[in-house]
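Asks: So that we are looking at the same thing, I have put the structure below in structure tokens.
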Amino acid sequence: MLPYFKRAENNQRFANDFHGDQGPLGVSNPISPLPICEAYFRAGQEMGIPFNPDFNGASQEGVGYYQLTQKDARRSSASVAYLKPIRARKNLTVRTDVLVTRVVVEKGRAVGVEVVDKPGGEKTILRAEREVIVSSGAIGSPKLLMQSGIGPADHLQSVGVTPVHDLPGVGSNMQDHLDLFVIAECTGDHTYDNYAKLHRTMWAGLQYLLLKKGPVASSLFETGGFWYADPTAASPDIQFHLGLGSGIEAGVEKLNNPGVTLNSAFLRPRSRGTVRLKSADPADHPLIDPNYWSDPYDRDMSIKGLRLAREIMRQKALQPYVLREVLPGPALQSDADLVDYACCTSKTDHHPVGTCRMGHDAMAVVTPDLRLRGIEGLRICDASVMPRVPSSNTNAPTIMVGEKGADLILGREPLPPAVFKGNQAA
Ligand SMILES: Cc1cc2nc3c(=O)[nH]c(=O)nc-3n(C[C@H](O)[C@H](O)[C@H](O)COP(=O)(O)OP(=O)(O)OC[C@H]3O[C@@H](n4cnc5c(N)ncnc54)[C@H](O)[C@@H]3O)c2cc1C
């Protein structure tokens, strides 16, 4: 897959065996890190976790800065990178605020999609000349297929959808990374927490407009690392994200004084969840059950990851910045305490994948060339096709799927496998 990652990448700093600088997707290093980030790197090293200048290079392990999908201090989303430059093409129509309610299947072939511009609105059918490509994401794609009668027939019947094609794997095999976190109070104004105050927010806006720097240019989670819960693992199985504040994400506690957050996620969960329909009404949200920790191995590894995060925060290098641990809090020490804490506070890392996974077996939804098994003229191209969740964030891997999918759809020769110079291959 490496050639497709490289083809996507427009790295603003360097190109080598692992990185490209000619692609559409802007990639750069953080431009507004704070001194606490460097202290966090030293804290990792005090625990024997090395500094790694490039997680996306030969080796993933260590602490360091993430590369961001930013170009010239602006977000380089899939839309900005891929759609914006070609908006004038005559054969491209982009319609937003439109809900696809169904893939239209006639005689075993996908011939188009049904759309409405508002729930309950007038239905229009858009017909496809060649293929229908579904890219509605790991939640949206199985939902759309099931609304169209493609999925586990017994489930479809139970919600009043007439099965068109019984495909039992649709909506199964859901995987996600679960984040557990440590939140500490800082000894002073060492993170971006105080920017929540109005005058500082205004200053942050000015700083960005004039200097392209400051909290507006920051993802707030641009420092992190990869390490081991299972020391015998072949590559890291825990990912850290240092959050430059507290309460940054929905549902996470915000401290009164400036705080700092360290998220830890177990990267190779064995648990599998589901996406199911609540009803036959396309306007209804689906039922999402990530089923975290249904395999106890995931729970044990997650708690080990949380303990590692705690230990990093207690290292000498961070003492000038970290006053005290607030969550989980010093009173919680046993595994049982930490499991309870995680059950109350843990959150998604927003990495759902796998619900239309590729393969050749009876539970596979698409073949390795992204064609839906059993229906002609229909492909899925998004995070839902991944058989297993990558041991990383999922945006770049999904864009890689898009790059490879484009070659498959256009019938182009696959890119040749990566050739490594020297001994960099990991
Ligand atoms: C809050 C958040 C933070 C994240 N942070 C990071 C990060 O820092 N780094 C990282 O690597 N990854 C991150 N991710 C994950 C990353 O965004 C996803 O892995 C990636 O976007 C998946 O791409 P996709 O194309 O599969 O699905 P999506 O990006 O979800 O695209 C699916 C699209 O289909 C549309 N859609 C769905 N159903 C329908 C329908 N019926 N009709 C019309 N349109 C429909 C949706 O509105 C959506 O626009 C984050 C995700 C979230 C939610």
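Glycine residues also receive a Cβ, built from the backbone N, Cα and C atoms like all the rest.
Nobody curates TrEMBL annotations by hand; they come from automatic prediction.
TrEMBL feature annotations, pasted as is:
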{"type": "BINDING", "residues": "Val100", "note": "FAD binding site"}
{"type": "DOMAIN", "residues": "137-151", "note": "domain 'Glucose-methanol-choline oxidoreductase N-terminal'"}
Asks: Express the predicted model's confidence over the domain 'Glucose-methanol-choline oxidoreductase N-terminal' (137-151) as a mean pLDDT, rounded to an integer.
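Replies: Averaging the confidence scores along the domain 'Glucose-methanol-choline oxidoreductase N-terminal' (137-151) gives 98.
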Asks: Counting across all protein chains present, how many other Cβ atoms fall within 10 Å of the Cβ of Val100 (FAD binding site)?
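Replies: Counting Cβ neighbours of Val100 (FAD binding site) within 10 Å gives 19.
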Asks: Using DSSP, what is the helix/strand/coil residue split across the domain 'Glucose-methanol-choline oxidoreductase N-terminal' (137-151)?
Replies: 11 helix, 2 strand, 2 coil
Asks: How would DSSP class the residue listed as 'FAD binding site' in three states?
Replies: strand
